[in-house]
Every structure is written in C-alpha cells, then in structure tokens.
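A.B. asks: Okay, here's the structure, questions in a sec.
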Amino acid sequence: MAYPFQLGLQDATSPIMEELMNFHDHTLMIVFLISTLVLYIISLMLTTKLTHTSTMDAQEVETIWTILPAVILILIALPSLRILYMMDEINNPALTVKTMGHQWYWSYEYTDYEDLCFDSYMIPTNDLKPGELRLLEVDNRVVLPMELPIRMLISSEDVLHSWAVPSLGLKTDAIPGRLNQATVTSNRPGLFYGQCSEICGSNHSFMPIVLEMVPLKYFENWSASMI
C-alpha cells in the first residue's frame, strides 16, 4: 500500500500491475532520452556561433524527424496495446463478484453463492482500533481467494463511481445502467486498499475499498460462515 512521501508506485501484487510497472519504466526511459536530446540540441543552438542563413531546406533532416518520432510512437504503442488486451481478457474465472457503487458506500454480491452479499462502509475515525488506517478501513472487507482469476462486475446505483485498487492495477468505472468487468488476480495474501476514484459527491473521499486475499481453504471457510 502507499506510505507517506512515497515517490514510486505501490508494490505490484498482480500480473497486470507488474506489466503496468514495466511499461511505466519503458515509457519513462524513452521520455528521458528524448528530453536529454532536446535539451542538448537547445544548448547547442544557444551556444554555437555557426549560422546557415542561406539554407532553405534539408531533406535528410526532415526525413529523420519524420521517421524517428513514428518509430518511437510504435515502440510505445505496441506494449500499451498488449497490456490493454490483457486487462480485458477474462478466461474461465473461478469466482464472480458483483460490485455496486452507492453514495457513499459499496455493496458486494458473490453471484456463485446464495445470499452471500453485504454492504461495505468506511469506519469512522473515532471507531478505529489501534493500527487501523484512517479513511481506509471498512466494516466488511471483500474476501477473495489468492492465485485464482476472479471476475468483478462493476456498476452503480446512482452516479458515476470508479472502483480502484492501485496495487492490483485495477481502476474500472461504475456507471449507472452499464455493467463493466475486470479481472482480479493476486500473487500473494494480504490486505489491499483502494478508494473511489471518480468524484461522486460530498462524501466521495469516504468510499474506501479493502480486499482481503487469502488462500483458497480460508476463503471456503469464510464463505461457509457467511451463508
């Protein structure tokens, strides 16, 4: 999860987030090289005493500055498109969970089970226990099995919301009357925090999301106790 004065991304917990972090580093390297080249050319232009007032055109230079940006854009676009397709691909999910956004809480329904549904509200600051996180804890966590593909169906009952968990590389809009889907896969157990990422009203900041990823046998015990 995030911590104070953090400069980088949160630790990746899912294959998608690992791909996104690699793509971030790949794109940042390209941006750094371009910025260095541009600054170098600007410094040469400001310091050189050579001039070419009689030069009207330069076919070679124009060809280079047309082809080179096209190649750079392709190098950025190809891995980006690959990740987009990976994020939309859902193959044989082990579990389906429907998430509904409300002003200002989330409700969850495990569609593979009968009567396994609940609302998830933020715990007020005055009710927090020692060690719990302000504005991030909820009364009912979303318990999911780790190392299994899980399909999240996301929608809204009222206004636009956005269901986001950064460490899992998830951010899906919750739109009234529309059902969006996303895949959740965690490589390790733990608590993973997120928040509504679409301004949805006065209490937008008080819609946290907490996923509790556990081994499959613990999830089966939890689901049996909830039914």
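Every residue gets a Cβ built from N, Cα and C, even glycine.
Residues annotated as topological domain 'Mitochondrial intermembrane' in Swiss-Prot: 1-14, 88-227. Annotated transmembrane segment per Swiss-Prot: 15-45, 60-87, in sequence order, evidence recorded as similarity to another entry. Swiss-Prot lists 46-59 with the feature topological domain 'Mitochondrial matrix', giving similarity to another entry as the kind of evidence. Annotated Cu cation A1 binding site per Swiss-Prot: H161, C196, C200, M207, in sequence order, evidence recorded as similarity to another entry. What Swiss-Prot lists as Cu cation A2 binding site is C196, E198, C200, H204. According to Swiss-Prot, the Mg(2+) binding site annotation covers E198, on the basis of similarity to another entry. Summarising the annotation, Swiss-Prot assigns phosphotyrosine to Y218 and lists similarity to another entry as the type of evidence.
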A.B. asks: Looking at the binding-site residues C196, C200, M207, which one has the fewest other Cβ atoms within 10 Å of its own Cβ?
C.D. replies: C200
A.B. asks: Whole-number Å only: compute the distance from the Cα of C200 (Cu cation A1 binding site) to the Cα of Y218 (phosphotyrosine).
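C.D. replies: Each residue's Cα considered, C200 (Cu cation A1 binding site) and Y218 (phosphotyrosine) end up 35 Å apart.
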A.B. asks: With DSSP, how much of the topological domain 'Mitochondrial intermembrane' (1-14) is helix, how much strand and how much coil, in residues?
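C.D. replies: Grouping H, G, I as helix and E, B as strand yields 0 helix, 0 strand, 14 coil.
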A.B. asks: Quick one, of the binding-site residues H161, H204, which Cβ has the fewest other Cβ within 10 Å?
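C.D. replies: Among the binding-site residues H161, H204, the sparsest Cβ neighbourhood within 10 Å belongs to H204.
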A.B. asks: Neighbours of the Cu cation A2 site C196, E198, C200, H204: Cβ within 8 Å of the Cβ centroid, same chain, sequence order.
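C.D. replies: Other same-chain residues near the Cu cation A2 site: G101, W104, V159, L160, H161, S162, S197, I199, G201, M207.
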A.B. asks: Quick check for the class: what is the C-alpha distance, in angstrom and rounded, between Y218 (phosphotyrosine) and E198 (Cu cation A2 binding site)?
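C.D. replies: Roughly 33 Å, rounded to the nearest whole number.
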A.B. asks: CB neighbours of E198 (Cu cation A2 binding site) within 10 A?
C.D. replies: 18
A.B. asks: Six or more residues out from either end of the topological domain 'Mitochondrial intermembrane' (1-14), which same-chain residues have a Cβ under 8 Å from its Cβ atoms?
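C.D. replies: Contacts with the topological domain 'Mitochondrial intermembrane' (1-14): 20-21, 24, 166-170, 184-188, 190-193, 213.
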A.B. asks: Do any residues, 6 or more residues outside the topological domain 'Mitochondrial matrix' (46-59), come within under 8 Å Cβ-to-Cβ of it, and if so which ones?
C.D. replies: none
A.B. asks: Which chain neighbours of the Cu cation A1 site, leaving out H161, C196, C200, M207, have a Cβ atom within 8 Å of the mean position of the site's Cβ atoms?
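C.D. replies: Everything else in range on the chain: G101, Q103, W104, W106, S162, A174, Q195, S197, E198, G201, H204.
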A.B. asks: How many whole Å apart are the CA atoms of H204 (Cu cation A2 binding site) and C196 (Cu cation A1 binding site)?
C.D. replies: 7
A.B. asks: Would you mind reading off the Cα separation of E198 (Cu cation A2 binding site) from M207 (Cu cation A1 binding site), to the nearest angstrom?
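C.D. replies: Checking the Cα atoms of E198 (Cu cation A2 binding site) and M207 (Cu cation A1 binding site) gives a distance of 10 Å.
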